[in-house]
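Copied over from TrEMBL:
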TRANSMEM  13-33  transmembrane segment
TRANSMEM  99-118  transmembrane segment
TRANSMEM  138-165  transmembrane segment
TRANSMEM  186-213  transmembrane segment
TRANSMEM  328-349  transmembrane segment
TRANSMEM  369-387  transmembrane segment
TRANSMEM  407-430  transmembrane segment
TRANSMEM  451-476  transmembrane segment
TRANSMEM  482-503  transmembrane segment
TRANSMEM  547-569  transmembrane segment
TRANSMEM  575-593  transmembrane segment
Amino acid sequence: MGAAILPDLGAEILIPVCAVIGIAFALVQWVLVSNIKLSPARDASGNSPGAGGGKNGCTDYLIEEEEGLNDHNVVIKCAEIQSAISEGATSFLFTEYQYVGVFMVAFAILIFLFLGSVEGFSTKSQACTYDPFKMCKPALATAAFSTVSFLLGGITSVVSGFLGMKIATFANARTTLEARKGVGKAFIVAFRSGAVMGFLLAANGLLVLFIAINLFKLYYGDDWSGLFEAITGYGLGGSSMALFGRVGGGIYTKAADVGADLVGKVERNIPEDDPRNPAVIADNVGDNVGDIAGMGSDLFGSYAESSCAALVVASISSFGINHELTAMLYPLLISSAGIIVCLITTLFATDIFEIKAVKEIEPSLKKQLIISTVLMTVAIAIVSWIALPSSFTIFNFGSQKVVKNWQLFLCVAVGLWAGLIIGFVTEYYTSNAYSPVQDVADSCRTGAATNVIFGLALGYKSVIIPIFAIAVSIFVSFSFAAMYGIAVAALGMLSTIATGLAIDAYGPISDNAGGIAEMAGMSHRIRERTDALDAAGNTTAAIGKGFAIGSAALVSLALFGAFVSRAAISTVDVLTPKVFIGLIVGAMLPYWFSAMTMKSVGSAALKMVEEVRRQFNTIPGLMEGTAKPDYATCVKISTDASIKEMIPPGALVMLTPLIVGIFFGVETLSGVLAGSLVSGVQIAISASNTGGAWDNAKKYIEVCI
């Protein structure tokens, strides 16, 4: 069947080198952002910025007369607000991680007990699952190493989210200050900061996984099926922490958002992010803990799961059986190539093409998606050519399917291009530059009821093309390479994760920048620039969610295939009562989960509204701006509510498979998993796009008025 062109040693050098390059690039971007000072600098002659010097007798700072404000006071005010947002976000995440840490340890113990009890906690070698003529490591060893990899994945996920939050809160005020020089300067700061998060997450995730594989290999030796089965805990740990990060952060941000807008904008008729609003700091904190830390953990979870799913299937295919290390590490090589491609793509946005007008923001972000996809297609072709034998076999439900290297290239490429299609469709349905959002805005002329109807209809309609894109990628990838094809298709969709996260993180950073501009009392022109960045950010946030949902669908299917293979289920017959019951119950679970999270947001928002009203009614001089609101109480309401309310939805997701599997068997569980997958994808896409469309419809109306 031939051998790979790239030697094993080459693969083992290339992967960590690419990861280190990604980390180094992230640090360079961070240094460039940190060059913007949050303290009023003075030149050698003692003049304040804006008083002369620099090119043509002017510094980079705008002169004071242009803004009508003292530059020194503006910078100090921005620094104070940034510090308050950063402290609030850090405090929340530390509190959240304490609770999540307890869960992580408890679930790790459960994993060890369940896996270890397979052979009665025996320490003797056992017959291999997929080859009974070979002896593999004992089940107790797999239980121990799976537990370690679960904890490793969970910690990496938590660190990814936390680093993202710290970077975003570091950059928000700097983006505001750069907006004084023009929209292009502010865009570059926001995008560079997003890139720091994207590259750190992609590179750290890859490096930790690679190191874990090599350390586990010291014990497992030639037992690759046992080795990569133990590695699957890495993906589970990442997804578990992402679940709690997403739910907790989401409840926090939406409760603060609803409370701030309902009382501030609707009842008191004050601008969004007005410093008189008691919930304004909580609102800006929420953008960071929900849309940055939550999304970072979320995409890391999908990335880790897709890598692990591909590695598990590969370990029982010819790659694992024949111990072909380079081909075995094909998923990691794809991710390594993705880091280099994203690095080149980022330079187009920050160094090659400069944004000079508001209308260029969205096209620039769209170019990022197109450039990264085109370059990544070439990179996938090269990696497939040098890392794979010309022909090999892939495990396919009990048999080995012969696959060519060009077929595997198509599997990854179809996932990559499906991601681009999902991104474009999401942009079309959530950007105020196109008719769907404009129609939603127009529907507001007759009241809130028609706005709700149009918004929901837009979300439901936006599901159609992404579902067909996912369906085509599933059909093509499964036809060529069975479940391994689906796993690498998901990896293809996430191969440009660094660029995807840069685009996604750019949104909340721009949103915070606008809030800081308003709270610092900067001119209307500055707020217009940050609003333009924010409007594009709402679209990019929806695009990021689209990538996360699409890749999660493919990853879930790949993991479902791994489950039915491991459970020795040859077919899932929907005519069997047990399976059909499981399908119905599984399809219901996303609605149950959504109901729990929405009610949690409603309860927290109710408390927030009451507190904001209380402060406006009882603090003399608050509306006049002569008294300061109590920001801390509102931050505490969101924190307490999200910590308390994130546990039940998380428990529902984590415990359902265990309970169903133990009491009703693997057939019913297979139905539950399939039903929840099919139902969850539809709800996720429609809800995400409806929210993004409503947000940008609001911005569209504000601009038109």
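Each Cβ is built from the backbone N, Cα and C atoms, and glycine gets one as well.
Sequence-distant contacts of the transmembrane segment (451-476) (same chain, at least 6 residues past either end, Cβ-Cβ under 8 Å): 410-411, 414-415, 418, 421-422, 425-426, 429, 436-437, 439-440, 443-444, 485-486, 489, 493, 546, 549-550, 553-554, 557, 681-682, 685-690, 693-694, 697. Counting same-chain residues at least six beyond the ends of the transmembrane segment (99-118), those with a Cβ under 8 angstroms from any Cβ of the stretch are 139-140, 142-144, 146-147, 150-151, 154, 158, 233, 236-237, 240-241, 244-245, 643, 646-647, 650, 654, 658.
Cβ atoms under 8 Å from those of the transmembrane segment (547-569) belong to residues 129, 232, 295, 298-299, 302-303, 305-306, 309-310, 312-313, 395, 397-398, 415, 418-419, 422-423, 466, 469-470, 473-474, 482-483, 486-487, 489-490, 493-494, 500, 666-667, 670, 673-674, 677, 681, 684-685, 688 of the same chain, restricted to positions at least 6 beyond its ends. With a cut-off of 8 Å between Cβ atoms, the residues of this chain six or more beyond the transmembrane segment (328-349) that come close are 11-12, 14-15, 18-19, 21-22, 25, 29, 188, 191, 195, 198-199, 202-203, 205-206, 209-210, 224, 303, 306-307, 310-311, 314-315, 319-320, 364-365, 367-368, 371-372, 375-376, 379-380, 382-384, 387-388, 408, 412, 487-488, 491-492, 494-499, 502.
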